[in-house]
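Trainee: Once you've had a glance at the structure underneath, I'll fire off some questions.
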Amino acid sequence: MDIRTGNGFDVHAFGPGDHVWLCGVRVPHHRGLIGHSDADVGMHALTDAIYGALAEGDIGVHFPPSDPQWKGAASRIFLEHAMGRIAARGFTLANCDVTLICERPKIGPMAPAMREALAAIMGVEVGRISVKATTSEKLGFTGREEGIACIATATLLQA
């Protein structure tokens, strides 16, 4: 049995807006996130974790930010592509774990909806997906509420 684990990390700065996209859920917030696509930091980190487990680079390899067709793109496109690569390579997703790092918005109340959204996009049962949050105890750029960071891990199995 081939077991693979990949890690992903992403960060986006706050900018103008009235919401952020996190793990496929529109979360009301007094600022938005700045990015080439919809800046869904959770989906970006998770997508990179999957590509890492497959040893297939990162989002930038598959969807170059220099390509204007990806400007403002929904991050579900990237995650769906990564899931397609899992299937094409004969793997299945065993588990994924997403940790959002921010002071605000508060993630806890939204985590169940984020798990459901990711499960629907990825075509897996919600029990294979963890979404949680932590703060940086007011330290660094997330502590100063300048942006949101995310780390994700994906474990893949091939029988």
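Using N, Cα and C of the backbone, Cβ positions are placed for all residues, glycine too.
In case it's useful when we look at the structure, here is the feature table from Swiss-Prot:
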- D10, H12, H44: divalent metal cation binding site (BINDING)
- D10, V11, H12, H36, S37, D58, I59, G60, T134, T135, S136, E137, F141, R144: 4-CDP-2-C-methyl-D-erythritol 2-phosphate binding site (BINDING)
- H36: site 'Transition state stabilizer' (SITE)
- T135: site 'Transition state stabilizer' (SITE)
Trainee: Checking your reading of the structure: which of the recorded positions H36, T135, S136, F141 lie inside a 10 Å Cα sphere centred on H44 (divalent metal cation binding site)?
Mentor: none
Trainee: Have a look around H36 (site 'Transition state stabilizer') and count the other CB atoms within 10 A of its CB, chains all included.
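Mentor: Result for H36 (site 'Transition state stabilizer'): 18 neighbouring Cβ atoms inside 10 Å.
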Trainee: Give the three-state DSSP assignment (helix, strand or coil) for S136 (4-CDP-2-C-methyl-D-erythritol 2-phosphate binding site).
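Mentor: Reduced to three states, the DSSP call for S136 (4-CDP-2-C-methyl-D-erythritol 2-phosphate binding site) is coil.
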Trainee: What whole-number value in Å do you get for the largest C-alpha pair distance within D10, V11, H12, H36, S37, D58, I59, G60, T134, T135, S136, E137, F141, R144, the residues recorded as binding 4-CDP-2-C-methyl-D-erythritol 2-phosphate?
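Mentor: The span, Cα to Cα at its widest, is 31 Å.
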Trainee: Between the Cα atoms of T135 (site 'Transition state stabilizer') and F141 (4-CDP-2-C-methyl-D-erythritol 2-phosphate binding site), what distance do you get, rounded to the nearest Å?
Mentor: 11
Trainee: Inside 10 Å of the Cβ of D10 (divalent metal cation binding site), count up the other Cβ atoms and send me the figure.
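Mentor: Neighbour count, Cβ to Cβ under the 10 Å cut-off: 24.
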Trainee: Around the recorded divalent metal cation site, report the further residues of that chain (criterion: Cβ within 8 Å of the mean position of the Cβ atoms of D10, H12, H44; site residues excluded), sequence-ordered.
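Mentor: Sorted by sequence, the hits are V11, L33, G35, A39, D40, V41, G42, M43, A45, I148, C150.
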Trainee: What is the nearest of the recorded positions D10, H12, H36 to F141 (4-CDP-2-C-methyl-D-erythritol 2-phosphate binding site), using the Cα of each?
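Mentor: Of the recorded positions D10, H12, H36, H12 has its Cα closest to that of F141 (4-CDP-2-C-methyl-D-erythritol 2-phosphate binding site).
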Trainee: Nearest by CA distance to D10 (divalent metal cation binding site): which of the recorded positions is it, out of H36, I59, T134?
Mentor: I59
Trainee: In angstrom units, rounded to an integer, how far apart are the Cα atoms of H36 (site 'Transition state stabilizer') and I59 (4-CDP-2-C-methyl-D-erythritol 2-phosphate binding site)?
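Mentor: Just about 12 Å between their Cα atoms.
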